[in-house]
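S.K.: Quick one: structure below, then a few questions.
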Amino acid sequence: MAFPPRRRLRLGPRGLPLLLSGLLLPLCRAFNLDVDSPAEYSGPEGSYFGFAVDFFVPSASSRMFLLVGAPKANTTQPGIVEGGQVLKCDWSSTRRCQPIEFDATGNRDYAKDDPLEFKSHQWFGASVRSKQDKILACAPLYHWRTEMKQEREPVGTCFLQDGTKTVEYAPCRSQDIDADGQGFCQGGFSIDFTKADRVLLGGPGSFYWQGQLISDQVAEIVSKYDPNVYSIKYNNQLATRTAQAIFDDSYLGYSVAVGDFNGDGIDDFVSGVPRAARTLGMVYIYDGKNMSSLYNFTGEQMAAYFGFSVAATDINGDDYADVFIGAPLFMDRGSDGKLQEVGQVSVSLQRASGDFQTTKLNGFEVFARFGSAIAPLGDLDQDGFNDIAIAAPYGGEDKKGIVYIFNGRSTGLNAVPSQILEGQWAARSMPPSFGYSMKGATDIDKNGYPDLIVGAFGVDRAILYRARPVITVNAGLEVYPSILNQDNKTCSLPGTALKVSCFNVRFCLKADGKGVLPRKLNFQVELLLDKLKQKGAIRRALFLYSRSPSHSKNMTISRGGLMQCEELIAYLRDESEFRDKLTPITIFMEYRLDYRTAADTTGLQPILNQFTPANISRQAHILLDCGEDNVCKPKLEVSVDSDQKKIYIGDDNPLTLIVKAQNQGEGAYEAELIVSIPLQADFIGVVRNNEALARLSCAFKTENQTRQVVCDLGNPMKAGTQLLAGLRFSVHQQSEMDTSVKFDLQIQSSNLFDKVSPVVSHKVDLAVLAAVEIRGVSSPDHVFLPIPNWEHKENPETEEDVGPVVQHIYELRNNGPSSFSKAMLHLQWPYKYNNNTLLYILHYDIDGPMNCTSDMEINPLRIKISSLQTTEKNDTVAGQGERDHLITKRDLALSEGDIHTLGCGVAQCLKIVCQVGRLDRGKSAILYVKSLLWTETFMNKENQNHSYSLKSSASFNVIEFPYKNLPIEDITNSTLVTTNVTWGIQPAPMPVPVWVIILAVLAGLLLLAVLVFVMYRMGFFKRVRPPQEEQEREQLQPHENGEGNSET
């Protein structure tokens, strides 16, 4: 029994997690697997063609093939349904696949109708491996039964083809039957070959699904084969044995791989055990000589299926095999903190001491099953380190599947994939499962680079991706002189006598690569001067002979030859043609391979090494008047003041900033004043009507959501420069939480050192100013008694039964500029005097954000309210004086002693309290109180022949503003509205005398006659015609005289 471990390695917190964000994926560039024209192979529909794949490289043949398992394919075996096949596909242009005949027979019987084995649905081809002339293919669901038992047992079987010999290999078809033995072994669930020509077979169902590994020599399998013997014993067999019950349902043999882990030169056995350790999962490494335990690895998350896939390869070039373990159901917490299934691959790097250092790669998509398959690729790009492929067969667009290519390096696996292969086939009845099976590390086209097969059994496909030869380019670029003196003009522009300052540009290429590559490589080289200048901007340097900032050149390089160079002359434009003298001039070189001419006979094109940049740049500097070091160091300063100390919220506040900018150091190039303005301010312009202020050129712009005013201060802003300028703003969009507005000012330049001034902030405080007024009016303002035809009624029902309508209107108006959010309005109404009613309130209305309540019942007698109103509710108070009253005034000679004033100091008053909501600038809230003059009171004998002044009063106080952090003063005021009641006779209007009317008409007629005479004397009534041709006059004249006819 080989289960007890020699050393257990738990993949816990000591590992170094490499958690990759999906944001890194767009950075992955396609490297050297050819994704543009892969070779695609297809099998019978529904056969699961592609469930297992491998290369087949017979040693005695120059041809190379692909092996593809189709475990649900039908065969020619008599009486067998979906027996399964392994197909051999020619990788060349024909791409034909032919089934390999391993077994042409049907089920064998003990006797007629007494079968020994059951080959239907046996899934032959579910696992396939090859080594030189040898092919091992298995059917893990093959069933058989002993003569004494009737139950079918899925022991599994395999067929081994060695050259021309084909033998059956069924190590689990033994006398150790039933579930406690090898009856449910499913031998061949996973398989592999060792370097020493041993086969390694996994049977995860043996011993109550503890699982089992079995290894036998190829030579002994072939030599001992006897078709008449069902259970063959092998002398040199290595196998794990049954263990304690605690190991039941572990699935040893679920996945297998081989590699040397103890340094004895013999391949050891690696197996995934995904349900071991209470479903944490384990991976066992057994000694390839005696099946003793070497190392164990334990997963860290239950049910992650740690060990679903395993692989072994030296990824970091230290000659020690490293272990890769897939856990496709691993769950990780997303950005929202919730667990989600992403899959994980553990990478355990073997050290010289036999220890392992483990890092982890998490998947990039949810439910993609990252780590379902892992395939060593060999040295895919020939950089000296092996590479590896990891599949996420249900990832990508529409779950078509993804395969990630990771490159090895000296420190281990590069955590960012260098290439991503995506499935291109839509799902049928099931997902395509692109990447569920993979095999690499074989150079099928013999170009010196290993290739990769990817299976997609859900669409019955297998895809061959060939590796493209990698070309490494060494590029050189030299600029001299690197300091350009504008005054040193030693070159002449061709065709002119104009002298210019020039410099040399020298560029070189060298190319080499491994594998099959052409001897000559063609490149297109692009040179660009002043690369960093944006498109459309003036480039400060041009090539001398083309007068262009760019240059193209085709260069043919000998592979592996010496560096090949060429040289060009460039010149500097005149300084009057550009502003930027400080920024270095970047000379940029880019090269591209002519892939078409570099392709091989099959059309496969090489590729440039992605780890070598395809461009190079150098810089040249313009000589400046900045001392010996050619480095200008300005000393920039800015100060600011404003013409306003306070800004009132809600007002259109004009604000002028007086800015002083100065440079006390060396020249500042492309100097600009940057004013960051708050959201509450808008830039109006520069003050230009003051001779003491500089008229700067300024513009408004938005950069990174920051609103700025940018003003040009000169190029350069010379030493000792002082500028005073005025900038005008309008501040009018303050929020309710603001207490001030802030402007940030800074001078910026393009200098390398001391390029900016300190930021200066200028704050202007905000203040609240609300001019709130209250005004009122009475309609009518005068009532004359007695009322014609009025009769007293004991129980009045209508308005006419009581008396005339009297309405008081109060308007609370905010003239701003600031708003208020709440105010209280208090109205006192003269209601009774000596128990006699004065003004009987029928109802009150409001217009605006206001709610009112009264301390007494309104209209307790339920007097019917007339639909005809003497005044309109929506009339403004200001318009009341312009309306004609129903009762007109007359001049009365009344002394103060004749008027009795009845206000709240004398009469009993009704109170109405109103809460007024928010009023912005220019808004009003209006209260309309409609009442009836209680005529009966004033018709009493003791009250007759007296005049009365009935006064209501209203007062308000603002109690709340929307501005939370600003000091606010109390705002209050009041007003009175008076209705006069007078005894007397209303004067009738005087009629206009008839003689006045006649005189007015005569005067009008006389004026009209004078106007007509004056206009006649001035020729106003004479008709003026434009000049006419003689013929036209002749035609028109008869008509003018009235003597013409109708003929023309």
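Using the three backbone atoms N, Cα and C, a Cβ is placed for every residue, glycine included.
Note that the structure is a prediction, hence the values are computed from the model and not measured.
From Swiss-Prot, for reference:
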- 1-30: signal peptide (SIGNAL)
- Asn74: N-linked glycosylation site (CARBOHYD)
- Cys89-Cys97: disulfide bond (DISULFID)
- 109-170: repeat 'FG-GAP 2' (REPEAT)
- Cys138-Cys158: disulfide bond (DISULFID)
- Cys172-Cys185: disulfide bond (DISULFID)
- Asn290: N-linked glycosylation site (CARBOHYD)
- Asn296: N-linked glycosylation site (CARBOHYD)
- 358-415: repeat 'FG-GAP 6' (REPEAT)
- Cys491-Cys502: disulfide bond (DISULFID)
- Cys508-Cys565: disulfide bond (DISULFID)
- Asn554: N-linked glycosylation site (CARBOHYD)
- Asn615: N-linked glycosylation site (CARBOHYD)
- Cys626-Cys632: disulfide bond (DISULFID)
- Cys698-Cys711: disulfide bond (DISULFID)
- Asn704: N-linked glycosylation site (CARBOHYD)
- Asn835: N-linked glycosylation site (CARBOHYD)
- Asn851: N-linked glycosylation site (CARBOHYD)
- Asn874: N-linked glycosylation site (CARBOHYD)
- Cys904-Cys909: disulfide bond (DISULFID)
- Asn945: N-linked glycosylation site (CARBOHYD)
- Asn973: N-linked glycosylation site (CARBOHYD)
- Asn980: N-linked glycosylation site (CARBOHYD)
- 1017-1048: topological domain 'Cytoplasmic' (TOPO_DOM)
S.K.: Tell me the Cβ neighbour count for Cys138 (disulfide bond), meaning other Cβ atoms within 10 Å of its Cβ, over all protein chains shown.
M.R.: 35
S.K.: Let me know the DSSP-derived helix, strand or coil state of Cys711 (disulfide bond), please.
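M.R.: In three-state terms, Cys711 (disulfide bond) counts as strand.
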S.K.: Take the Cβ of Asn973 (N-linked glycosylation site) and count every other Cβ within 10 Å, whichever protein chain it belongs to.
M.R.: 14
S.K.: Can you give the mean pLDDT for the topological domain 'Cytoplasmic' (1017-1048), rounded to a whole number?
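M.R.: Over the topological domain 'Cytoplasmic' (1017-1048), the predicted model scores a mean pLDDT of 50.
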S.K.: What are the non-local neighbours of Cys97 (disulfide bond), defined as same-chain residues 6+ apart in sequence with CB under 8 A from its CB?
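M.R.: Sequence-distant Cβ neighbours: Tyr41, Ser42, Gly43, Leu66, Val68, Leu87, Lys88, Cys89, Asp90.
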S.K.: Between Cys89, Cys565, Cys626, which of the disulfide-bonded residues has its C-beta surrounded by the fewest other C-beta atoms within 10 Å?
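M.R.: Sparsest of the disulfide-bonded residues Cys89, Cys565, Cys626 by Cβ contacts within 10 Å: Cys565.
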S.K.: Could you tell me the C-alpha distance between Cys698 (disulfide bond) and Asn704 (N-linked glycosylation site) in angstrom, no decimals?
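M.R.: Cα-Cα distance, Cys698 (disulfide bond) to Asn704 (N-linked glycosylation site): 19 Å.
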S.K.: Please report the three-state DSSP label of Asn835 (N-linked glycosylation site).
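M.R.: For Asn835 (N-linked glycosylation site) - judged by DSSP and reduced to three states - the answer is coil.
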S.K.: Does anything in the same chain, at least 6 positions from Cys909 (disulfide bond), have a Cβ under 8 Å from its Cβ, and if so what?
M.R.: Gln828, Trp829, Pro830, Tyr831
S.K.: For the disulfide-bonded residues Cys158, Cys491, Cys698, Cys711, which Cβ has the most other Cβ atoms within 10 Å, all shown protein chains included?
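M.R.: Going through Cys158, Cys491, Cys698, Cys711 one by one, the largest Cβ count within 10 Å is at Cys158.
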S.K.: For Cys138 (disulfide bond) and Cys172 (disulfide bond), determine the Cα separation and express it in whole Å.
M.R.: 12
S.K.: According to DSSP, does Cys97 (disulfide bond) fall in a helix, a strand, or coil?
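M.R.: SS state of Cys97 (disulfide bond) = strand.
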S.K.: Provide the number of Cβ atoms within 10 Å of the Cβ of Cys502 (disulfide bond), excluding the reference atom itself.
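M.R.: So the Cβ neighbour count for Cys502 (disulfide bond) comes to 20.
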S.K.: Ranked by the number of other Cβ atoms within 10 Å of their own Cβ, which of the glycosylation sites Asn290, Asn615, Asn945 ranks first?
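M.R.: Answer by Cβ density within 10 Å: Asn615.
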